[in-house]
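First the structure, in the form of structure tokens, and then the observations on it.
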Amino acid sequence: MSTNGDDHQVKDSLEQLRCHFTWELSIDDDEMPDLENRVLDQIEFLDTKYSVGIHNLLAYVKHLKGQNEEALKSLKEAENLMQEEHDNQANVRSLVTWGNFAWMYYHMGRLAEAQTYLDKVENICKKLSNPFRYRMECPEIDCEEGWALLKCGGKNYERAKACFEKVLEVDPENPESSAGYAISAYRLDGFKLATKNHKPFSLLPLRQAVRLNPDNGYIKVLLALKLQDEGQEAEGEKYIEEALANMSSQTYVFRYAAKFYRRKGSVDKALELLKKALQETPTSVLLHHQIGLCYKAQMIQIKEATKGQPRGQNREKLDKMIRSAIFHFESAVEKKPTFEVAHLDLARMYIEAGNHRKAEENFQKLLCMKPVVEETMQDIHFHYGRFQEFQKKSDVNAIIHYLKAIKIEQASLTRDKSINSLKKLVLRKLRRKALDLESLSLLGFVYKLEGNMNEALEYYERALRLAADFENSVRQGP
């Protein structure tokens, strides 16, 4: 039976390892089922040279769920794959898997087996003249850490990018780190698409990654989407066609090719690709959300074609699109309750359906969330403000949420729309009641935000005079 001293000694050694247990992967409990599904999908459908790490991550997820025996099986698969895929680097790459084994056995109370794996790590470190007993600084492990962080969601993307960047500083032509850096950069760019004055930085890394990984269809479709963002759709479509012609990672390629075609306006083609992908990965949150967006696009097409007055068959088609979009958005948020964008799309679609109770439920969930990106919270407050103004007919609540969106000072299109909506609402109130203290003050505030200082001062002064007149009348009494 182990002593407390043994336990502490082993624990001190474990803390020095570089593996999933020491990388501080930020994973919310609500995100665990979706993460596990994405990991399993990647194992089955993504053709990659870097699959050992995904088995290690699956083992870590299984451990977090309390399934330690299943976790050990995943680590054994990782160990077997290591021998097949990385013969010349097996020893270095194995350090992550062995580190995870050591932590697993420690958590299971099997200290002797934990020590066995610690000894394996120490032997390799000695063999490679490493200055640390249990910690190896090398590009291979930097990449493993980067992939793990990248898979665990938006909170980890900056750290993932830094891991791949560290490798590229030493080896700029490294295909693996080039791919990882480009994917990280693309996702971080995606967070900032609605931000004013944001300069995208993922286009060049994606071009470099495609050059170094010419058979990787997944990176090609990301490059295509970024080219589309930059107004270079024709060039982007060439990469889409190349990726679709290659059988590699087709389920993943379909997802992103569909997004490209939806944004191009070819919604039917997008839906065809998404439904093919959904047959292979029916639990994919991303697919359900993308399908919902396609039905939303078709709904908008019907509205525009009928000038917002659909009747007969058009009305039936519109209602069908709304129901279909709701179904897929619901599927997405059920599988990933922290998916803020899908929750917002769902709330807005319930407004289209006239179901204000369900819209309110989803907005209330959103208001309790803490999105990774500030602009997402701006979107939530802006759309909830519009819901309050136009559906609930509450100017008071609408103003509160427009102001909350504006208070988030990140310059964005949504912030501009919030300022404009607040201005329209306040002007409407002033037309009804010219001597309204709050409205005069708010209009002064809006003009200040717009940089119209003369108008701002005029309305602030009118508000102050009105407040002074009111105070004098109260003092004088009836």
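Glycine too: its Cβ is placed from the backbone N, Cα and C atoms.
For the RNA site that Swiss-Prot gives as Gly190, His289, Gln290, Lys336, the extra residue drawn from Lys155, Lys259, Lys370 is Lys259. For the repeat 'TPR 2' (95-128), same-chain residues at least 6 beyond its ends with a Cβ under 8 Å from one of its own Cβ atoms are 2, 6-7, 10-11, 13-14, 17-22, 52-53, 56, 59-60, 63, 68, 71-72, 75, 78-79, 82, 134-136, 141, 144. The Cβ neighbour count for Lys259 (RNA binding site), using a 10 Å radius and every protein chain shown, is 22. Look at the repeat 'TPR 8' (340-373): DSSP puts its residues at 26 helix, 0 strand, 8 coil. 183-216 is the stretch from 52-85, 141-174, 183-216, 218-249, 251-284 with the greatest number of Cβ pairs below 8 Å to the repeat 'TPR 9' (378-412). Counting other C-beta atoms within 10 Å of each candidate's C-beta, the binding-site residues His289, Lys336 are led by Lys336. Using a Cβ-Cβ cut-off under 8 Å and counting only residues 6 or more beyond its ends in the same chain, the repeat 'TPR 6' (251-284) has close neighbours at 37-38, 41, 45-46, 217-218, 220-222, 224-225, 228, 233, 236-237, 240, 243-244, 290-291, 293-294, 297-298, 301, 335. Distance between Cα atoms for Lys259 (RNA binding site) and Trp147 (mRNA binding site): 23 Å, as a whole number.
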